[in-house]
Amino acid sequence: MRELVVSKIKEGTVIDHINAGKALLVLKILKIQPGTDLTVSMAMNVPSSKMGKKDIVKVEGMFIRDEELNKIALISPNATINLIRDYEIERKFKVSPPEVVEGVLKCPNHACISNAEREPITPKFYIKTEEMRATARCHYCGRKIENLDNYIS
């Protein structure tokens, strides 16, 4: 097997154990777009003994915020975050999907009150995690979402 070599970062965030194929969505959550000045390394479908395959994202000069952590936890509940300072891991932790999220997901039910323009209601969902995926249930209409990727706002 060939070895994957990606250089260390001096300061920033490494997101490891991302569900395979989700790295581009992680970049979207982090609001990293083409033309960014940040140094970004991304590896997709990397062999993993625990997951079979995984994705990895490294971002030099950016430290992840709680709002971003919650969104990443929804699409990849087993992700690991490494905060790097002076090329060393300062802090390492696993993401944990919250039990309730507000203003993070959009309800797929067009008739839901959380989608009504005339009603200033923030979408609210109850989160359930099973194995390597999370599902959500709308507080207002009860609609269950299984593929959260499409509904992250």
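Cβ coordinates are placed from backbone N, Cα and C, and glycine is handled just like the others.
Going by Swiss-Prot, these are the annotated features:
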BINDING   Cys107, Cys112, Cys138, Cys141  Zn(2+) binding site
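Sequence-distant neighbours of Cys107 (Zn(2+) binding site): residues of the same chain at least 6 apart with a C-beta under 8 Å from its C-beta are Ser114, Asn115, Pro123, Phe125, Cys138, Tyr140, Cys141, Arg143, Ile145, Tyr151. When the neighbouring Cβ atoms lying within 10 Å are counted for each of the binding-site residues (Cys112, Cys138, Cys141), the highest count belongs to Cys138.
According to DSSP, Cys138 (Zn(2+) binding site) is assigned to a strand segment.
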